[in-house]
Amino acid sequence: MATDTSQGELVHPKALPLIVGAQLIHADKLGEKVEDNTMPIRRAVNSTRETPPKSKLAEGVEEKPEPDVSSEESISTVEEQENETPPATSSETEQPKGQPENEEKEENKPSEETKKDEKDQSKEKEKKVKKTIPSWATLSASQLARAQKQTPMASSPRPKMDAILTEAIKACFQKSGASVVAIRKYIIHKYPSLELERRGYLLKQALKRELNRGVIKQVKGKGASGSFVVVQKSRKPPQKSRNRKNRSSAVDPEPQVKLEDILPLAFTRLCEPKEASYSLIRKYVSQYYPKLRVDIRPQLLKNALQRAVERGQLEQITGKGASGTFQLKKSGEKPLLGGSLMEYAILSAIAAMNEPKTCSTTALKKYVLENHPGTNSNYQMHLLKKTLQRCEKNGWMEQISGKGFSGTFQLCFPYYPSPGVLFPKKEPDDSKDEDEDEDEDDSSEEDSEDEEPPPKRRLQKKTPVKSPGKAAAMKQRGSKLAPKVPAAQRGKTRPLPKKAPPKAKSPAKKARPSPSVIKKPSGSSSKKPAASVRKEVKLPGKGKSTMKKSFKAKK
């Protein structure tokens with residue numbers, strides 16, 4: 001049969017479907033017999049079933065057979081067989097497909113596990129870095145306890161190697177200095193955690209470092225052998241040289257300042273926008289401005305805040321009235337708020353208590369170059385980059401955006417500087433101005449007290465009638481001034497009673513001034529006694545003229 005089917009040219013096209021159909025029927029009969037016995041033969045039958053349609057398709061691509069009754073029957077039988085066989089083939093095909101899927105899953109699992117292990121290792125490395133609490137952080141006792149639990153302080157059970165070396169040299173000092181052998185024994189005995197027996201290079205490095213600094217001096221030997229002495233006078237000459245340098249050119253106090261200490265203040269000044277709640281403002285003002293007595297009189301602070309909002313110096317973001325959050329407004333770089341002591345206190349409180357404190361690296365670079373330029377600007381930028389990285393590792397700062405030396409950083413601990421630290425130039429000027437104002441007020445009051453009486457005296461001549469309050473005040477001053485004038489004029493008034501007895505013609509004239517002298521001190525004005533004195537001064541002249549007339553009459 002195979003030879004007949006293979007020679008397609010000899011077979012008539014109409015006879016081809018009949019031959020194929022006969023083959024299929026014969027195969028079906030064989031399959032029915034074998035189905036009851038074993039399954040493996042069925043697989044072979046399936047393979048034979050599948051081959052004829054392939055050959056049929058290969059041979060009959062060009063020639064399309066005409067449909068006959070026999071062909072229709074054969075097609076129907078093929079369809080029935082195909083409908084019966086799929087469950088077995090589907091299960092068979094699923095088995096080999098399922099195996100590679102399982103293999104792929106098994107391969108993916110180890111890759112995922114390796115990724116997880118890498119992540120865990122990176123997290124462990126991050127956890128291993130001990131986060132410390134910075135010296136500039138302003139924390140209460142409860143906040144400090146919480147922070148210590150969350151970020152345990154890096155305990156330092158022993159000092160640094162340089163300090164240990166100087167301590168050992170002083171302890172082992174003799175006439176010829178301290179030998180390296182004695183120094184080593186001392187350190188091994190007192191600081192066993194260093195393991196100096198195994199790590200002898202630590203001692204050599206420390207000796208070399210301290211020799212270069214000039215802290216110690218080598219008396220005997222060379223290198224890491226011999227005897228050493230601590231130089232005590234090395235600290236005084238540099239101070240003198242510094243003083244001389246400062247006298248000649250006072251420029252180099254900056255190297256002593258660390259960028260780690262500068263950054264928190266830079267963050268507080270550069271952070272924008274600055275805003276704080278009423279409770280924080282009140283807390284800060286009551287702490288640093290006790291003269292305002294905000295705890296006793298909170299209404300003063302509330303009124304000042306409301307007044308600043310009405311003027312446009314502050315913006316109330318949340319809340320109503322004096323409660324809520326207030327934000328500073330600026331014209332350029334200068335804040336609009338300022339002037340009185342209360343306004344200055346509110347300004348410093350909002351600037352200091354603003355949280356969270358964030359700042360961009362560009363603003364930090366500009367601030368450092370303007371305020372702490374150093375000798376080399378490029379080196380200063382390098383130091384700034386290193387300090388930011390170190391602060392981030394210690395957990396003092398956090399990079400919110402960007403990577404490396406770009407983006408924005410944020411302080412992880414609260415920092416509330418005092419007004420003197422926040423505005424060092426403004427506060428002393430304000431205090432001086434306040435003192436000057438007080439002095440001016442006192443001096444003006446004293447001058448007014450001294451200058452007030454003369455115009456009153458002039459008015460007294462013009463207007464004898466005065467209020468009872470002024471009269472009482474003038475009585476006291478009149479009592480002080482009255483005894484002084486007669487004391488100076490007593491020498492001139494005394495000769496009057498001596499020359500009075502020979503006078504006979506002028507009793508009426510002399511009787512007139514006596515009541516005026518008695519009445520004038522009892523009067524309300526202080527000028528009247530002075531006027532009476534003037535009249536008394538003129539009286540001797542009149543007395544002399546009368547005396548001359550009396551002498552002439554006697555002659």
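Counting starts with 1 at the first residue shown.
Cβ coordinates come from backbone N, Cα and C, glycine included.
Residues or ranges marked as N-acetylalanine in Swiss-Prot (evidence: similarity to another entry): Ala2. The phosphoserine annotation in Swiss-Prot covers Ser6, Ser142, Ser155, Ser156, Ser248, Ser249, Ser443, Ser444, Ser448. The phosphothreonine annotation in Swiss-Prot covers Thr51, Thr85 and is backed by similarity to another entry. Swiss-Prot lists 51-67, 100-127 with the feature compositional bias 'Basic and acidic residues'. Feature annotation from Swiss-Prot assigns SUMO2 cross-link to Lys64, Lys97, Lys258; the stated evidence is similarity to another entry. What Swiss-Prot records for Lys190 is N6-acetyllysine. Marked as compositional bias 'Basic residues' by Swiss-Prot: 233-247, 491-512, 545-555. Taken from Swiss-Prot, the feature domain 'H15 3' covers 337-413, and the record attributes it to sequence analysis.
Locations of recorded Swiss-Prot features on the structure.
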residue : record           : CB count, 10 Å
Ser142  : phosphoserine    : 8
Lys190  : N6-acetyllysine  : 13
Lys258  : SUMO2 cross-link : 10
Task: Cα separation, Ser142 (phosphoserine) to the residue listed as 'N6-acetyllysine' (Å, whole number) - done: 37
- [ ] Could you tell me which three-state DSSP class Lys258 (SUMO2 cross-link) falls into?
- [x] coil
- [ ] Could you state the whole-number distance in Å separating the C-alpha atoms of Lys258 (SUMO2 cross-link) and Ser142 (phosphoserine)?
- [x] 29
Open item on the list: Across the domain 'H15 3' (337-413), what are the DSSP residue counts per state (helix, strand, coil)?
Closed with: 42 helix, 12 strand, 23 coil
